[in-house]
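A.B. asks: One structure coming up, written as structure tokens, with questions to follow.
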Amino acid sequence: MKHSHEEIRKIIPEMRRVQQIHFIGIGGAGMSGIAEILLNEGYQISGSDIADGVVTQRLAQAGAKIYIGHAAEHIKGASVVVVSSAIKDDNPELVASKQKRIPVIQRAQMLAEIMRFRHGIAVAGTHGKTTTTAMISMIYTQAKLDPTFVNGGLVKSAGKNAHLGASRYLIAEADESDASFLHLQPMVSVVTNMEPDHMDTYEGDFEKMKATYVKFLHNLPFYGLAVMCADDPVLMELVPKVGRQVITYGFSEQADYRIEDYEQTGFQGHYTVFCPNNERINVLLNVPGKHNALNATAALAVAKEEGIANEAILEALADFQGAGRRFDQLGEFIRPNGKVRLVDDYGHHPTEVDVTIKAAREGWGDKRIVMIFQPHRYSRTRDLFDDFVQVLSLVDALIMLDVYAAGEAPIVGADSKSLCRSIRNLGKVDPILVSDTSQLGDVLDQIIQDGDLILAQGAGSVSKISRGLAESWKN
């Protein structure tokens, strides 16, 4: 059943005594989406960020009061303050909020409030969250269910990462990086996979991380549904502890929604899903890689379990253009040594880099892959150092940028120079360290060959750098 936006108030009560909501770090992907939803629900929104950008400009045009830089006076009039996990304790707006006894909450607590009166579908996991959330959102939109969605990245076909729908459905990416997904109380929870990442949150203890995921799944009501990947041995080990209905998906023979006959032609994937009722569904995807077949099958399983027709599911998946910065093709360019294709990808964990390389190899045949890699966080580089050395040795040519610190202090032996040294010692590829990114175009022109696929890889500023490169190459 759909409702007009005026009727939303009848099913989603107003937050009492809350007129103005202030966001510290409003430009972040997760923060901006929640701000946009609340703005469209009729709340006054203000927010600050260290830099202006497309996201902050869009929010300002929609009616939010945006400040660039942080100052105590920015919180004037706020009924509640929302902080992102990147905000430090000495932030002047955070300090002023506490002094004035204004409630300060995490981003996930506000997302939980938005979800409280809705039918929530939360997507968690180390990899694939953003794409899976986007796919489910598009299926529900295609089925004319007008869902609200809040994603950690751009939903390309919607042109934004958040949307206020006029129905009870809310589809959201659940963030395990700071364990804040424990605030959410969804009806359906998807877990795509689980690997050691953000281990500082879990005190370096993978068992603690597993226990936190089980706790997240226990937030489901007894009549809720957990959708979990059967290909992930860690998740399958947790299934007996979940205590809720569990549906599985994957390439595994044990999966309830089983993928068979996967083939990739160019950057297109097609395969068959065998469903629990012996139904067979043929799926076409316009995003490459087996990892995307898994993401799509998670979305298909949720939709089937919730009674959505096959036609809407298959149309949405065939039309799916990807999530922002997920194997984002920036174009083909003529360079002095020949024609190259440039792709931007957000993957910043060794497993994500590995599946991106595999998808590129499948679609690009025997052509060379040239990677521009920017490590993200010193702590991740330290914790997964050997895995990075192995996976970055799989490309044909490697340009390494300096570590994107994301606010962290440098860690000895976890910098780009150390990575390059270890990769060189392995002997499969000879990396080139480029600390001055203004030199990147010149360095590339010296090493690229006709037909190369250039992969700009990482979660930091490498996307902006690669897009700047694409712009300069167009001229």
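For all residues, glycine too, the Cβ spot is worked out from N, Cα and C.
Feature table excerpt (Swiss-Prot):
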- GLY125, THR126, HIS127, GLY128, LYS129, THR130, THR131: ATP binding site (BINDING)
A.B. asks: Counting Cβ atoms within 10 Å across all protein chains shown, which of the binding-site residues THR126, THR130, THR131 comes out on top?
C.D. replies: THR131
A.B. asks: Can you list, in sequence order, the residues of the same chain other than GLY125, THR126, HIS127, GLY128, LYS129, THR130, THR131 whose CB lies within 8 Å of the CB centroid of the ATP site?
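C.D. replies: Other same-chain residues with Cβ inside the cutoff are VAL123, THR132, THR192, ASN193, ASN295.
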A.B. asks: What's the number of neighbouring CB atoms sitting within 10 A of the CB on GLY125 (ATP binding site)?
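C.D. replies: Taking all protein chains shown, GLY125 (ATP binding site) has 23 Cβ neighbours within 10 Å.
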A.B. asks: Check each residue in the chain of LYS129 (ATP binding site) that is at least six apart in sequence and keep those whose C-beta is under 8 Å from its C-beta; list them in sequence order.
C.D. replies: VAL123, GLY152, GLU173, ALA174, THR192
A.B. asks: My understanding is the cutoff is Cβ-Cβ under 8 Å with a sequence separation of 6 or more in the same chain; which residues meet that for HIS127 (ATP binding site)?
C.D. replies: THR192, ASN193, GLU195, HIS291, GLY347, HIS349, THR351, GLU352, VAL355
A.B. asks: Among all the protein chains here, how many other CB atoms are within 10 A of the CB of GLY128 (ATP binding site)?
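C.D. replies: For GLY128 (ATP binding site), the 10 Å Cβ neighbour count is 25.
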